[in-house]
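Annotated features in Swiss-Prot:
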type	residues	note
TRANSMEM	16-36	transmembrane segment
TRANSMEM	44-64	transmembrane segment
TRANSMEM	82-102	transmembrane segment
TRANSMEM	115-135	transmembrane segment
TRANSMEM	141-161	transmembrane segment
TRANSMEM	179-199	transmembrane segment
TRANSMEM	217-237	transmembrane segment
TRANSMEM	298-318	transmembrane segment
TRANSMEM	330-350	transmembrane segment
TRANSMEM	357-377	transmembrane segment
Amino acid sequence: MSDLPRIFRFINRTSLVAQIVVGLLAGALLALFLPGAAKSVALLGDLFVQALKAVAPVLVFVLVTSSLANHKRGQPTHIRPIIVLYALGTLSAAAVAVLASFLFPTSLTLVSEATDVIPPAGVGAVLNTLLFNIVDNPVRALLNGNFIGILAWAIGLGFAFRHAQDSTRRLIGDLSDGVTLIVKVVIRFAPLGVFGLVAGTLADSGFDVLLGYARLLLVLVGAMLFMALVMNPLIVFWQIRRNPYPLVFTCLRESGITAFFTRSSAANIPVNMQLCQRLGLHKDTYSVSIPLGATINMGGAAITITVLTLAAVNTLGIQVDVATAVLLSLLAAVCACGASGVAGGSLLLIPLACSLFGISNDLAMQVVAVGFIIGVVQDSAETALNSSTDVLFTAASCIAHGDIDEGAERRV
């Protein structure tokens, strides 16, 4: 018993990222040598993801309401420049995916049609879903994790509470601090969660099923890596005018790794919020930009939609000119921004992009089925890019406007 405090002190001294890497390796080894036991510990991963998903809507609602209610007059926030960066990043990702697909054309072995999913009818349907999400019932929005609706209600209440008594605003601030503390406790269990997620995933499917789609995966993941390590740093350099890579690697390490294994931008919101706090960013800014980014900053989704669509086009022998490729980039960027408003995310928006080339819905749904097969890697890499970019662009904008703690700025 006397060794327990020493063990806990050692765990507290060890960085969370190091603990997550240990959990990752342990999960892979367990799945390799004891697949039966690995399936059992998958429960740890499911519990961790569920805990993050449970706390994220409440965190966003309370934090945004508190930030706006307690906002001091004359204190600037920089949401608009961050939204511009989100749009620029998503459009750049679509363009990178088009270029990668032209340089490394890919063909698909189409599988049986995925009949249990229904894609949206068009871009109008996606926008319609987003608009109705804004005016959703607040209780239903919290229960279903509708972050567009949560943001709308939190912003409205935040502005309304600016006229409340000081004691009311302090209560909201205390509630925000309490929820933040709960989030920190949940995140401390990330190593166990990653251990369970890796062990369960490898024990269930392994990577044998992915070998047949190795070239497609290389193009997908390669485009995402190029976006994360080349394009995003260029955008950040344009903002902060100095070496962007320390900040880029911090965001990939602290946010991207967790997002890769949770495979949920919503579940990674608490992780991103805590990282923004450690980076010394302005709370009024990141409390809005991070949940907003989880909804509209979808560079990874734009890459997935574009690469799989052009793979289908190449498989069917359809010729693509430059003008159509540019149009596809724009369509993929718009579709990607609506990915969070569609059940199934980016994969179910592929038929929209395929319709640009006259590909029938039956064939497009076969492409979606291929996407589900490679989803273990595709969805993980996509979420890691999406979520880490939320923090990256928020931090870049704050640094560019001098809205960051100086000590934190020296660390990045």
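Even glycines carry a Cβ here, placed using N, Cα and C.
Among 179-199, 217-237, 298-318, 357-377, 179-199 has the largest number of CB pairs under 8 A with the transmembrane segment (44-64).
Away from its own ends, the transmembrane segment (16-36) comes close to residues 187-188, 190-203, 253-254, 257-258, 261 of its chain (Cβ-Cβ under 8 Å, at least six residues beyond either end). The stretches the transmembrane segment (82-102) and the transmembrane segment (298-318) meet in space: the count of Cβ pairs below 8 angstroms, excluding pairs fewer than 6 apart in sequence, reaches at least three. Among the listed stretches 141-161, 179-199, 217-237, the one sharing the most Cβ pairs under 8 Å with the transmembrane segment (357-377) is 217-237. For the transmembrane segment (141-161), the list of distant contacts is 53, 56-58, 60-69, 71, 130, 133-135, 168-169, 172, 266, 269, 288, 291-292, 294-295, 340-341: same-chain residues at least six beyond its ends, Cβ to Cβ under 8 Å.
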